[in-house]
Amino acid sequence: MKMKWKPALRVVARAVGIGCAIRVIHNEYFFLVKTNGPSMEPTFHTGDFIIGERRPKDVTYGNILILRSPFDPEGYLVKRLMGLPGDIKRNGLSFTKVPEGHMWLEGDNSSNSRDSRSFGPVPQGLITGRALYKVWPPSEAKVL
């Protein structure tokens with residue numbers, strides 16, 4: 001019995017090609033984030049999935065950003081952009097000027113969020129992306 005290798009080889013080559021394309025897209029352009037914690041409620045709840053854009057250009061007030069945690073290098077945070085360099089932000093009874101190279105980020109749930117109100121302006125180098133789409137749960141899927 002003679003095996004037909006060409007069709008099997010085509011399937012393997014196609015699968016490898018698709019896998020490589022997905023890997024490049026994931027590494028260079030987009031990524032999937034699972035949210036955790038109450039800081040962005042009601043926008044996101046624990047277990048929601050969002051698609052983020054890597055290296056976003058032209059971020060503006062109100063964008064939802066994904067960043068490396070300033071207090072845990074292995075962790076990520078999802079917060080809303082509320083201040084750009086030069087802005088003066090009120091923080092309780094004091095005021096903070098956002099320095100060059102930094103951003104002011106806050107969670108939507110102000111009473112239960114660890115954000116710039118607690119740790120100050122965030123270096124822009126910690127920003128890893130901008131949230132584009134909420135994809136899970138499907139009943140709440142939307143463009144952000």
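Note: Cβ is positioned from N, Cα and C throughout, glycine not excepted.
Because TrEMBL annotations are produced automatically, they should be read as predictions rather than curated entries.
Residues or ranges marked as domain 'Peptidase S26' by TrEMBL: 14-87 (among others). On the 0 to 100 pLDDT scale, the domain 'Peptidase S26' (14-87) averages 82 in this prediction.
Look at TrEMBL and you will find Ser39 (among others) tagged as active site. Ser39 (active site) counts 22 other C-beta atoms within 10 Å of its own C-beta, drawing on all protein chains shown.
Annotated active site per TrEMBL: Lys79 (among others), in sequence order. Around Lys79 (active site), a 10 Å sphere centred on its CB holds 25 further CB atoms from the protein chains shown.
Distant neighbours of the domain 'Peptidase S26' (96-136): 30-33, 38-44, 47-56, 59, 63-71, 76-89, 142-144; these residues of the same chain sit at least 6 beyond its ends, with a Cβ under 8 Å from one of its Cβ atoms. Annotation source TrEMBL lists domain 'Peptidase S26' at 96-136 (among others).
Rounded to a whole value, the Cα-Cα separation of Lys79 (active site) and Ser39 (active site) is 8 Å.
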